[in-house]
Amino acid sequence: MGSLIKACARADASVMARVPSLLLVFVAFTHYDVAGEEVVSTPKPLKVLDTIMNPSYIPAEEKHGFYWKKSAITTLKAKLRESKNTNKAKNGIMFIGDGMSVATIMAARTFSGQLERGLGEESVLEFERFPYTGLARTYCIDAQVPDSACTATSYLTGVKTKYGVVGLDGNVTRGSCHSQLHKANWAPSIGQWALEQGLDVGLVTTTRVTHASPAGMYAHSSERNWECDADVPKECLSLGCRDIAYQLVMNNPGRQFKVIMGGGRRELLPNVSDPLVKTVGRRVDGVDLTELWHVDKVEKNATHQYVTDRNELMKVFNSDDLPEYLLGLFKDDHMDYHLKAKDQPTLEEMVEVAIKMLSRSKRGYFLFVEGGRIDHAHHDSLAHLALDETVEYSKAVKKAKLLTNPDDTLIVVSSDHAHTMTVAGYPSRGNDILGTVDTALGDDRKPYTTISYANGKAASIGADGKRVDVTLSQQFMKSKFCYYNYLREAGHREFSFRIEAAIWGSKVEDLTDTTVK
C-alpha cells in the first residue's frame, strides 16, 4: 500500500493536465491511523461476501471510470447553462420539514429509491434538484438546541427568540402574560407582511394548526403550549392573554388567511359532544371557534367552506366555484402518519388545493407548508415513519413545482432543527436502510441497525448491562414501524438535536421588495 501511495505522489504532470477543469476526483484508500498503521475492519461473514457483496449487485456502468467522469461533466455543464433569475417573485411558498436533518434526508432518499426497487443510494428527493443550496444555523437566544417555537419565530419573522416562545422577541419571559401583552415585544410574521401588501396567505401542516411551527405565522404567545384556553393559567386569561387557537381565528393576521389546513380540531371546539364530527373539544370557555370563523366570513360577505375529511376537501377541489376561504381540520389531534392514515388528505393533496385557491390572487400569495410529523416520528424513534413522512414531504414539493411558474414563484425548502438519528456502520450498497448492517457485526459479535438514535425510548441495553441482539427482539421482527437502536439510549423520549439546517431554493431571486424584511 505504501508503494502505491508513493507511485500516486509521483504522478506525471501531463496526466494531471488531462483531468477536466473543475472536476474533482477522489480516490479512497484503506484507513490509516496517525502512526501509519493499517486499520483492520471487523471481518465480514463469508456468507455476506459470497452474496450481498457480489460485484453483480453493482450496476455495470458504475464500474467504469468514464461513467463517473461523464456524470461529473454533465453536471458541470448543466450548472454552467443555468441563468440567474432576477425577476421579482409574485408568489412565495415556504416548506419546512420539522426535524428533517441532513441524515434524515440521506436515509429518506435511500428509502425512496428502495421503494422503487432500486438500490437507493443514487436516488434524489425532489427538493435536492433545486439550483440553490445552503445551510442555516439553528439555535434559540437562550438555548443551544432549539425547539420549533423559537425556530418558527426566526424563519417567519426574522427575529431569534427564546425557547418555547412564538412570535415574540427575546425581551419576553416564557410563560409571562405581561410579556405577551406588551406589543413592543411582538414580532410580525411574513404572513402579516404579505397581507399588508395585498397578497393572499395560507398555511398547511400535518400537525395541529395551533402547533409551534404554524403558530409562528400568526400568533404572539409567551408559551407555545397555550394552544387552547384550557392550557392558559386562569390569571393570564383574566389579564386578557389569548390562546393560540383564538388568535388564529379571531385576531389578525390569522383571521385573514384564505387557507388553513391541518389537524388540531379539538383546540377550536368546546369540551362538549359534537354529533356532527363525533369529537369532544378541549375548550373550557364554551366557544366553538369553527362557528366564529363561519360568522366572521359571513360578516365579510365572503364564500367559505369548513371541511373535516378528505372527501369533503376533494369536493371543494373539484368544484367549479371555489370558496374564498377554506378551513380544513382533519383530526382532533395531529394528523395521522401517512402510513396509518384513513379518510384524511395527504400533504401533497392539501398543497394542491391550497395553491389552486391562492393562485386566484392577482397580486400574488404566500403559502407556508409544514411536514410536521417527521419530527414526531423521530421523537419516538420511529425511523420508518420519519422516512416515509419525508418522502411524502418531497412529493408535496414536487406538486408545488408542477403547479407554479418558476419565473414568478419562489419556493424555499428547509428544516427547523435536526434529531439524533444517524446512519452508521458499513452496510453494503442497496442494503435495506431500515434493516441491520449486512457486512459486519459489532465488537460484541451482535448485529446492529444501520439507523440508530443517540437517545430515546428504544433502549437496547438488557438487564445484564449488555447490548441486546436487536434481530431477536419481537418488536423489531413484528412491528412495521419500530426500528430499534444500536447505541444505548439515554431516556424515554428522543430529543431534538442542533445541527445546521439545509436550505434549498428555486430560481426566483426574492419576493417583492415590499414583502421582504
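Every residue, even glycine, has its Cβ placed from backbone N, Cα and C.
Automatic prediction, not curation, is the source of TrEMBL annotations.
Straight from TrEMBL, the features:
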type     : residues                              : note
ACT_SITE : SER148                                : active site, phosphoserine intermediate
BINDING  : ASP98, HIS211, SER213, GLU370         : Mg(2+) binding site
BINDING  : ASP98, ASP375, HIS379, ASP416, HIS417 : Zn(2+) binding site
SIGNAL   : 1-36                                  : signal peptide
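Excluding ASP98, HIS211, SER213, GLU370 themselves, the residues of that chain whose CB lies within 8 A of the CB mean position for the Mg(2+) site are, in sequence, ILE96, SER148, ALA152, THR205, THR206, THR207, ALA212, PRO214, GLY371, GLY372, ASP375, ASP416. In sequence order, the binding-site residues near ASP375 (Zn(2+) binding site) (Cα within 10 Å of its Cα) are ASP98, drawn from ASP98, HIS211, SER213. Taking the Cα atom of each, SER213 (Mg(2+) binding site) and ASP416 (Zn(2+) binding site) are about 9 angstrom apart. DSSP assigns GLU370 (Mg(2+) binding site) to a strand segment in the three-state reduction. Ranking the binding-site residues HIS211, HIS379, HIS417 by C-beta neighbours within 10 Å puts HIS211 at the top. Taking HIS211 (Mg(2+) binding site) as the reference point, the recorded positions whose C-alpha atoms are within 10 Å of its C-alpha, out of SER148, HIS379, ASP416, HIS417, are SER148. Here the Cβ of GLU370 (Mg(2+) binding site) has 30 other Cβ atoms within 10 Å, regardless of which shown protein chain they belong to.
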